[in-house]
Amino acid sequence: MVKKEKTPSPYTKPLDGGWGWMVVLHFFLVNVFVMGMTKTFAIFFVVFQEEFEGTSEQIGWIGSIMSSLRFSAGPLAAIICDVLGEKATSILGTFLVSGGYVISSWATGIPFLCVTMGLLPGLGSAFLYQVAAVVITKYFKKRLGLSTAIARSGMGLTFLLAPFTKFLIDLYDWTGALILFGAIILNLVPSSMLLRPIHSQSNNNSDIENKGSILSATEPEASYKTETSKCKETQEPFIKDSTMKKSEQPTTTLTVLGNQSEEFSNRPHRNRPLLMSNGKSHKKKFVSWNCKQKLLDISLFRNPFFYIFTWSFLLSQLAYFIPTFHLVARAKTLGIDVMDASYLVSVAGITETVSQLISGWIADQNWIKKYQYHKSYLILCGVTNLLAPLATTFPLLMAYTILFAIFAGGYLALILPVLVDLSKNSRVHKFLGYASFFAGIAVLSGPPIAGWIYDYTQTYTGSFYFSGTCYILSSVSLFFVPLAERWKRKQSDLLRTTIK
């Protein structure tokens, strides 16, 4: 007889507060020290042009490598997290960013800086950001939107870091400024120690990664308890070949633990359910097959929700940086003073920060599903950018800037909560890592594409049209979420029928 029970779990409810706010503090500092300083690269851009007499294209590669690696190194960050754990990975990322800035102070050329200020900080940023993002999902559920928005608001302090960076360069030269930046970022080492591990077991077990169910006897010792993050050698009991006589085989009650996935019936024999007879199991030591597959898990590519999220994430990241980079340049072509144009950037930063906080709080009220908010914000961003060429005066440009910052802040605050909802809170590391890899390609190619459009048309209106189109297209995949949910339910029903 087979009977179903819910997964016995030692800890299933996120704290939604308590020590979780310390994790939010760490995530906030990551956004301030790492992401905020990345945005101040424009100041070093001018300095490097004068120091090394390089072209804009050559020096632009430094910033492009740094920005794109924060996303495209996501799969590597996921693997490192599985091997070392979140806390060690975060500390490693801190040393990479800090060391990259310090070594850059001895730079002798642009290729040198591409490695020390592009590659190293880019990898470190990926490690820091992904670890903080994943750990915060373990501590928060009901308040995930608000907690993420508070953490991301650190990026809004860029308008304060820009004059601070200029002050350091004027006072200590660019070499001294880089050394000080490296020292400041080292504060993330004690901050990373706040990432207290939390061991939980949900219905969608993260270690098992939905690769199948576990069948066990009703004895407590048969429960399968997992530890998040680290991939270790484990001993798994499995059924031993035997020639028991029929009369010697007693009736066994089996308990189905957890939610089963559609992949259950296709798993190899060594990954089949754990069967126990008479409350006793025949055990043999071997290295966990799950652990071997953990470092290179391609099962995500059979998950429709992964494609839905990745399509939306890729195109929205492709679109986001284009108006950000070209806003001031477009204002200059309209005859607006550079100082007035710089106010647009400051207003955008402040508005986006406030918008993220409000968006996160609204999403946590669960009036509608979070991806519905996300989809609406993306569409509004697209419409706003498609109408941007109509803004030909400073007041109209200011109105466009405020509207775009409101809608952009709205969807940026919901990227992580939507990811958690679509991934069903399982394999968040891998889900975010692989999706970020494709987003990194978009970040690397977006500004050059927009630049090519300007070179071809000699106007920035084409860049805003391109951005608006990408935003509209990024929302399309989210319309397929209900279809994917129905498909998932059919697969679950079919699996339950097969087990019965």
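Keep in mind that glycine also has a Cβ here, set from the backbone N, Cα and C atoms.
Feature list (source: Swiss-Prot):
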type	residues	note
TOPO_DOM	1-16	topological domain 'Cytoplasmic'
TOPO_DOM	38-58	topological domain 'Extracellular'
TOPO_DOM	80-87	topological domain 'Cytoplasmic'
TOPO_DOM	130-153	topological domain 'Cytoplasmic'
TOPO_DOM	196-304	topological domain 'Cytoplasmic'
TOPO_DOM	326-342	topological domain 'Extracellular'
TOPO_DOM	364-374	topological domain 'Cytoplasmic'
TOPO_DOM	417-430	topological domain 'Cytoplasmic'
TOPO_DOM	452-463	topological domain 'Extracellular'
TOPO_DOM	485-500	topological domain 'Cytoplasmic'
TRANSMEM	17-37	transmembrane segment
TRANSMEM	59-79	transmembrane segment
TRANSMEM	88-108	transmembrane segment
TRANSMEM	110-129	transmembrane segment
TRANSMEM	154-174	transmembrane segment
TRANSMEM	176-195	transmembrane segment
TRANSMEM	305-325	transmembrane segment
TRANSMEM	343-363	transmembrane segment
TRANSMEM	375-395	transmembrane segment
TRANSMEM	397-416	transmembrane segment
TRANSMEM	431-451	transmembrane segment
TRANSMEM	464-484	transmembrane segment
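Here the topological domain 'Extracellular' (452-463) has long-range neighbours at 322-323, 326, 329-330, 333, 388-389, meaning same-chain residues at least 6 beyond its ends whose C-beta is under 8 angstroms from one of its own. Take the transmembrane segment (176-195) and the stretches 17-37, 343-363, 375-395, 464-484: counting Cβ pairs under 8 Å, 17-37 has the most. Here the topological domain 'Cytoplasmic' (130-153) has, by DSSP, the following mix of helix, strand and coil residues: 20 helix, 0 strand, 4 coil.
The stretch in closest packing with the transmembrane segment (464-484), judged by the count of Cβ pairs under 8 Å and taken from 17-37, 110-129, 375-395, 431-451, is 375-395. Under DSSP, the residues of the topological domain 'Cytoplasmic' (485-500) split into helix, strand and coil as follows: 15 helix, 0 strand, 1 coil. Sequence-distant neighbours of the topological domain 'Extracellular' (326-342) (same chain, 6+ residues past either end, Cβ-Cβ under 8 Å): 348, 392-394, 397, 401, 450, 454, 459-460, 463-464. The topological domain 'Extracellular' (38-58): residue composition by secondary structure is 17 helix, 0 strand, 4 coil, according to DSSP.
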